[in-house]
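A.B. asks: Right, I'll just put the structure down here and ask away after.
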Amino acid sequence: MSTHIEPGYAHLKPASLQDEAKLASGIKAVEHYLRPGMKVGLGSGTTSHWFVRALAPRVARGLDIVGVPTSNATRELALELGVPLTDLGQIDQLDVTIDGADEIDHQGSMIKGGGACLLWEKIVAAASKKMVAVVDDKKIVERLGRFPLPIEVIPFGWQSTERLLRELFVSAGFDKNVRIVTRMKGTEPLLTDSGNWILDCHLEAIPDPLGLAPRFNAIPGVVENGLFTGIASEMIVGHADGSADIVVVGAPRS
Ligand code: 5RP
C-alpha cells in the first residue's frame, strides 16, 4: 500500500498495483475538482468506480454534491455507497464529469466503451462544462487504436451497418479486412444499457482521430462511437506508487 494515499481513504483496498494507480487518480479527482454544490457526471469502468468509492466518504462527511451516473452499474454503486443522484432531466448542466478511458493520447483524444457505456458517457460528458479523464499511466498512448474501437449499433439490420462501417474504414485508408467483432456476453450479443449492440473494430492504429470521429454517426444504425475527441480538458494520471498528476490535454469548453 502506498504512503501517498491519505488517511480518509485508508479503508479502500486496491488489490493490484494497477488498481492502486486507478484509486490514486480517483482520489485526486475528488480532492482537486469537487466543491460543495457541484453537479458531477460519474463515469463508468473500474477507474471511475474507484473515484466513486473515494467520493462516498467525502459525501458521508458532508460534501454536498449530486451525481449523474453514466451506466446502470455506476448508478447501483453510487446508490449502494450513499452518493446522491439525479438525472439530466432535473438539471441544466453538470459542472464536471469524471470518467475513465481505454486509451488516451497526449492531445486528450480517447477510445472509450470498453465497458459498453460509451453512449451514456458521451451524453453526460456533452452535458458537462468540463470533462476530466481518470486513468492509470498504462492508458496513455502515442497513437490510439491498439484498443479495439467500440461502435454502438442498433441490432436491426446490423449487418448492413457493419458493411457501411467497413466502407467508411476503407475510404479513411484502413485495410478492407479490418476485423469487426460483435461483442458477446456468453453466447448472445452483449446488450448495452440502451439495449443496443457493440461492434469492436480492430483498427490497430488511428492516425487521425479528429478527422475520423465525426464520420461514424452519419451511418444509419450507428448510435454512437467510442472516439471521444475535443471532450477531455485534463487527465489525471495515477501511478502505482499512489501518486497522481494532472495533465492539461485540451482547451476548457466555453
Ligand atoms: C466504459 C468506459 C471506461 O471508462 C473505460 O472502459 C475504462 O475502464 P477502466 O477504468 O475499467 O479501464 O469507457 O464504457
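Along the chain as shown, residues are numbered 1 onward.
Backbone N, Cα and C define each Cβ position, glycine as well.
Please treat TrEMBL annotations as automatic predictions, because they have not gone through curation.
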A.B. asks: Can you match one of LYS13, LYS139, LYS176 to the substrate site that TrEMBL gives for SER44, GLY45, THR46, THR47, ASP99, GLY100, ALA101, ASP102, LYS112, GLY113, GLY114, GLY115?
C.D. replies: LYS139
A.B. asks: At the Cα level, what's the spacing in Å between SER44 (substrate binding site) and GLU121 (active site, proton acceptor), rounded?
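C.D. replies: Between the alpha carbons of SER44 (substrate binding site) and GLU121 (active site, proton acceptor) there are 8 Å.
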A.B. asks: I'd like to know which of the binding-site residues listed (THR46, LYS112, GLY114, LYS139) lie near ligand 1, counting only a CB under 6 Å away.
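C.D. replies: Near ligand 1, sequence order: THR46, LYS112, GLY114.
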A.B. asks: From the centroid of the CB atoms of SER44, GLY45, THR46, THR47, ASP99, GLY100, ALA101, ASP102, LYS112, GLY113, GLY114, GLY115, LYS139, the recorded substrate site, which same-chain residues not already listed sit within 8 A by their CB, in sequence order?
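C.D. replies: Output for this site, in sequence order: GLY43, SER48, CYS117, GLU121.
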A.B. asks: From the Cα of GLU121 (active site, proton acceptor) across to the Cα of LYS139 (substrate binding site), what is the distance in angstrom?
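C.D. replies: Distance between the two Cα atoms comes out at 18 Å.
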